[in-house]
Amino acid sequence: MAEFVRAQIFGTTFEITSRYTDLQPVGMGAFGLVCSAKDQLTGQAVAVKKIMKPFSTPVLSKRTYRELKLLKHLKHENVISLSDIFISPLEDIYFVTELLGTDLHRLLTSRPLEKQFIQYFLYQILRGLKYVHSAGVVHRDLKPSNILVNENCDLKICDFGLARIQDPQMTGYVSTRYYRAPEIMLTWQKYDVEVDIWSAGCIFAEMLEGKPLFPGKDHVNQFSIITDLLGTPPDDVISTICSENTLRFVQSLPKRERQPLKNKFKNADPQAIELLERMLVFDPRKRVKAGEALADPYLSPYHDPTDEPEAEEKFDWSFNDADLPVDTWKIMMYSEILDYHNVDSANNGEGQENGGA
């Protein structure tokens, strides 16, 4: 039986195994508090995320279960990886992951990025997305603050709690407005992996310019700013709008022509602009795929088709339409955690037999 110790962080009780010491708060999200800690077993610095009251409602239980399943399934150098998970005696859930020193939002607000860093960060974002999308997962909430970076400029995508299945009937409001794809605002139902490419394009533009590309105050203003730069959506995109109110709004807007991005980004590398043009396309069907973008000339210093893996198997979304009581989600979560530790111990044993740590 693991020994648990308690610590107060920002008035919140952290009840963690004695394996983790030196807790320091590093961030607060809508669903949990994140602390840095030292892993006494490995000597490494880690991030410990406490999920607040995961069993308080069926919705929160399902969301936590989804995040746990995704963290277990997604194994890629540019995606945050799970190193431990446990349920405390108070029945809070703790995810332990790698700790990276900063995130892209903090970097972008501190100083302009040089060209080689922009290229390398974009390459890693797209490399991670190629893998995630091949697993049948859409992140849906990609933004600078959930792209983590360490001192070696290694980059990892995190916060998969909102991620959803690639599903032709996806539901509305999710990602932070500045990075939200137009099809989420316009159709509210049918969208897919292309929403992440739009978000990555907005992040790319922000790295080039040093400020958000589409800083909308609300949905209407957001859409207006997008059309100022990219022009009015084509008719075949407008025809996919499901909501009559949204359709009337879009049809009432004055016609605008797409502006050449080179006029907006006067100091940027022409190859960067060409790739950005392929990412920021109104019609998601014509937006560049992650794998295609990796092969773009702008990313040629880093592109290696032999080292841009796809997922070995699709993520199992069979639970996602389930409407279950909290107690059932709790049993399923316990089962996943037991499975995680069994797999982990088997791997550790194998490593020791082969002379590993």
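Heads up, the Cβ atoms here are built off N, Cα and C, so glycines get one too.
Annotation source Swiss-Prot lists active site, proton acceptor at Asp141, citing sequence analysis. Residues or ranges marked as ATP binding site by Swiss-Prot: Val26, Gly27, Met28, Gly29, Ala30, Phe31, Gly32, Leu33, Val34, Lys49. For 20-299, the entry in Swiss-Prot reads domain 'Protein kinase'. Taken from Swiss-Prot, the feature phosphothreonine applies to Thr171, supported by similarity to another entry. Annotation source Swiss-Prot lists phosphotyrosine at Tyr173.
Positions of Swiss-Prot features highlighted on the structure.
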residue : record                       : DSSP (3 states)
Val26   : ATP binding site             : strand
Gly32   : ATP binding site             : strand
Asp141  : active site, proton acceptor : coil
Revision key, fill the gap. Rounded to a whole number of Å, the separation of the Cα atoms of Gly32 (ATP binding site) and the residue listed as 'active site, proton acceptor' comes to 16
**Study point:** Mean predicted confidence [pLDDT] for the domain 'Protein kinase' (20-299)
**Key:** 89
Check your understanding: So what sits near Met28 (ATP binding site) in its own chain, CB-to-CB under 8 Å and at least six residues off in sequence?
Key -> Phe10, Val34
**Study point:** Neighbouring C-beta atoms (10 Å sphere around the C-beta of Val34 (ATP binding site))
**Key:** 18
Review point. How many Å separate the Cα atoms of Val26 (ATP binding site) and the residue listed as 'active site, proton acceptor'?
Key: 20
Check your understanding: What count of other C-beta atoms do you get within 10 angstroms of the C-beta of Gly32 (ATP binding site), across all chains shown?
Key -> 22
Study note, to complete from the structure: Neighbouring CB atoms within 10 angstroms of the CB of Val26 (ATP binding site), all protein chains considered, total 16
